[in-house]
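Swiss-Prot annotations:
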type: BINDING; residues: G85, Q86, T87, S88, S89, G90, K91, T92; note: ATP binding site
type: REGION; residues: 173-314; note: region 'Microtubule-binding'
type: REGION; residues: 387-411; note: region 'Disordered'
type: REGION; residues: 923-967; note: region 'Disordered'
type: COMPBIAS; residues: 949-958; note: compositional bias 'Polar residues'
Amino acid sequence: MDVASECNIKVICRVRPLNEAEERAGSKFILKFPTDDSISIAGKVFVFDKVLKPNVSQEYVYNVGAKPIVADVLSGCNGTIFAYGQTSSGKTHTMEGVLDKPSMHGIIPRIVQDIFNYIYGMDENLEFHIKISYYEIYLDKIRDLLDVTKTNLAVHEDKNRVPFVKGATERFVSSPEEVMEVIDEGKNNRHVAVTNMNEHSSRSHSVFLINVKQENVETQKKLSGKLYLVDLAGSEKVSKTGAEGAVLDEAKNINKSLSALGNVISALADGNKSHVPYRDSKLTRILQESLGGNARTTMVICCSPASYNESETKSTLLFGQRAKTIKNVVSVNEELTADEWKRRYEKEKERVTKLKATMAKLEAELQRWRTGQAVSVEEQVDLKEDVPAESPATSTTSLAGGLIASMNEGDRTQLEEERLKLYQQLDDKDDEINNQSQLIEKLKEQMMEQEDLIAQSRRDYENLQQDMSRIQADNESAKDEVKEVLQALEELAMNYDQKSQEVEDKNKENENLSEELNQKLSTLNSLQNELDQLKDSSMHHRKRVTDMMINLLKDLGDIGTIVGGNAAETKPTAGSGEKIEEEFTVARLYISKMKSEVKTLVSRNNQLENTQQDNFKKIETHEKDLSNCKLLIQQHEAKMASLQEAIKDSENKKRMLEDNVDSLNEEYAKLKAQEQMHLAALSEREKETSQASETREVLEKQMEMHREQHQKQLQSLRDEISEKQATVDNLKDDNQRLSLALEKLQADYDKLKQEEVEKAAKLADLSLQIDRREQAKQDLKGLEETVAKELQTLHNLRKLFVQDLQNKVKKSCSKTEEEDEDTGGNAAQKQKISFLENNLEQLTKVHKQLVRDNADLRCELPKLEKRLRATMERVKSLESALKDAKEGAMRDRKRYQHEVDRIKEAVRQKNLARRGHAAQIAKPIRPGQHQSVSPAQAAAIRGGGGLSQNGPMITSTPIRMAPESKA
C-alpha cells in the first residue's frame, strides 16, 4: 500500500435483545430487518455495511467488524474501532464483553489475540515492538487508567500534525496474557455508576491504543500502525436515567462530548464546510485521524429495539447513516531509508526543474500578452502537458524535505536547531504543565479528602451536638420530673405529717374519749349495780305484786263474777298498745334504711343487666357480620375459581387460534409455492399473466384479511385476558380487604368477649357485695331483735314500777312523798342512761371515722412509696444512659481519629509505592514465536519456535527509564 487510497467509514449496526426491565414494562420490539444490510424503524429504512440481529454471537460480531483491520494495522496502516449508542445499548459488551468467559469475549480481547496469532504466522525476518496505552476521558479530562496520578493529560500534535496524548503511560507487551492483565488493571480504575437504565453504566469514554512497530532486519524497512479501540459512554436522557448529583455532572459532560462528535461527523458528511470543529472536545481531537484522516475506521452503532427508546434509536441510526458517508485517506506509515529519501529527492528535484521551465514559458507568454502581441494557439503553453502531475505517494513530509534540501546548508542547520529547540521548549513546558496539573490534582484530592474529613467531622459534631442536646433535654426533663416528684414527695410528706398530726390528735382525742368512756363505763357499772339492786328490789316488789295481783285477781274474779266488769283489762291493753307502737317505730326506721339500699342495688343491677343485654346484641350483630363476611369470601373464592377457568378457556382459545394461524401460514406457504409454479409457467403463457396476477392479489388480500382477523382476535383475547386479570386483581383486593375486615371484627369480638368477662367478674363482685349486705342485714336484724328485747325488758320494768307505785298509792297515802322521790330518782336515772348511750354512739362513730382515715392513709402510702422508687430508678437510668452516651461518643471519636490516621498512612504508602516504578524494557517479539514462551525468552525466539543460535537480540531493545513516553 505505497499509494494512498480512499475508503468510507465502515458502519455496522448491532441490535441487542430486549432486557428484563423493558419486558416487564411492556415495551415492544419495533425494529425490522428487510435485508442483511438494512434496518427499518417506523417505516424508514437505513442501510449500513452490515446489520447484526440480536441473536448473533460475539465471535460473529468480531469476524464481521474487526478482524479485517488486523492485517491493515500489521501492514503499517492506522485503524480505529469504536462503539456508539445510547446508554444501556450494549457498547461495553460489544467492545469488552465478559473477560472471564472466552465465548463472551468482545472485540478488544479477541483482536489482541488475533494480532499475536497474525504476528506468529508472518515472516521471521520481521521484528515487532508493541506498546499499549489505556486512558479515559472523564469530565472532559484525559485520565490515565494505568497511572491514576495522571488526571489531566494534554493532547499535542507531532511534526506531521497528528494528535497524540502527551504523557500517557505506555506498556511494552509480548503476549496476549500481558495485554489482558493491563486491560484488567485499567478496567478496575474506570469510572462506572448505577442508573435507572443500567447497573454498570460507563461514565467516561475509554481509549485503548495499540501501537505496533515492525522492522525488517534484512531490508531495514520500518512500518508502524496504531489501533484505537474506543468504548464511548452512552448518550443519556436524564428523565430516564434518573441522574442526580455527580452522576448528573458526568451525564452533562458525556452528552457535550458526544454532541461535539456529532458536529464533526456532520461537518465531514456535508463536504462543503471548510472548517471541521475537531477542537471542540478532547474526544474529537484524539479521533481526528480516525474521522476523515489517515485511518481505516469501523463504527459499531448499538441500538435498543424497545419502543420505550424509539427516539434514541432513530437518532443513533441517523448518526450512523451520516458517518457512513465520511471518506478517510488510508496510507502506509513508513519510515523511509536513506536511498528511498535520495530517490524521492531526485524525483522532486527533476519535477521542480520542469516546473521552473514551465514557469519561464508562462512568464514569456504573459509578457507577450502584456505588450499587446497576439500569441497563437500553437505557441500557447499547454499546462496539462508541461506541468508534471504530482505523485499520489508524495506526501507533505517529502515535499517539505525537498524544500529544506533546496536551502543552503547553514539555513537548514539553523532551522533544524530552532525546530529542535522549540520542540525542547514545548516538551519542557508540557512537562511543567503536566507536573503542575498533577500537583494541582494531588492538592485537589488532598483538599477533597480534607473537606470530606471536615464534613464528616462536622456531621459527627452535629450528630454529637444533637445527641448532647437530646440528652440534655432528656436530662432537663428528668430533672423536671425529679423536681415534680420531689415536690410531690414534699407535699406527700407534708400531708403525711399533717395526717400524722391529725392521727396523733385523733389518738389523743380517742384516748381522752376512751378515758371519758372508761369513766362513763365505770359510772355505767355503778349505775348497773344500782340497776341490779333496783332489779332485785323490783323482783322482790314483783313477787309481792304478784302475790298481791293473785290475791287481787282472785278478788277481781270474785268481783267480776259478781259485777261482770272489764276494768281490770284496761291497762294491759294500753300497755300492749304502747309496745306495738314502739316496735313499729323501730321496724319502720330499719325498713326505710334498708329500702334505700335495696333501691340503689336494684338500679345498679338493672344497669348491669341492660349493659349485658347490649353486649349480647353487639356480639350477635358481629357474629352476623362475621358470617356474612365468610359468605362473601366464599363467593369471591368461587368467582376467582370461575375466572381462573375462564382464563384457562381463553388460553385454550389462544392456542387454538395460534394453531389456526400456523395452519394458515402453511396454506400460505403452499399457495406461495403454487404461485411460484404459476410464475414459472407464465414465461410460456403470457396470456395468463393478468389472471395469475389477479389470483395473486386475491390471495394476498385474503392472507392480509386473515392476518388482520388473527391480529384482531389476538388483540381481543389479550384485552379479555387483561380484563380478567384486572378482575382477578380486584377480587384479590376485595378478598384481602374482607380478610382485614374479618380480622378487625374478630378483634372486636374478642374485645367484647373480654369486656363481657370483665363485666361478669364485676357482676360477681356486686353479687358478693349484695350477699355481704344481706349477711350484714341479717346481723343487724339480730342486733335489732336483741335491742327490742332489751327495750321490752325496760318497758316491763317501767310497767312494774308504775304498778308498784299505784299499789303503794292505794295502800298508803302517807307514803306519797317517798314514792314521789323514788319516781324522781328513776326519771333522773333514765335521763342519765340516755345521755350515756348518746355519748357512746358518738364515740363509736368517731372511732370508726378514725379507723377509716387510718386505713386510707395506709393504702395511699405504698402507692406513693412505689412512685418514689420508680422516679428514683428513672433518674438512675437517665444518669447511666448519659454516662454511656458520653463514653460511646469518646470511643467513636477515638475510633474515627484512628481510622483517619490509618487512611492517611495508607494513602501515603500508596503514593510512595506509585513513585517507586521500576524501569521498563521493551520486548520485541518475532513471528513464528510460540505463545507459551515466557517473556524472558521472547527476544531471542525466531520462526518455528526454535532459539536463535546467536543468542537474544538485545541491541534493538530500547531501555525506558520511566513509564511515560514522549513524542
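Glycine is no exception: its Cβ is also placed from the backbone N, Cα and C atoms.
Feature map: annotations from Swiss-Prot on the structure.
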| residue | record | CB count, 10 Å |
| --- | --- | --- |
| G85 | ATP binding site | 28 |
| Q86 | ATP binding site | 24 |
| T87 | ATP binding site | 25 |
| S88 | ATP binding site | 27 |
| S89 | ATP binding site | 27 |
| G90 | ATP binding site | 22 |
| K91 | ATP binding site | 26 |
| T92 | ATP binding site | 24 |
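DSSP assigns Q86 (ATP binding site) to a strand. For the region 'Microtubule-binding' (173-314), the mean pLDDT of the prediction comes to 80.
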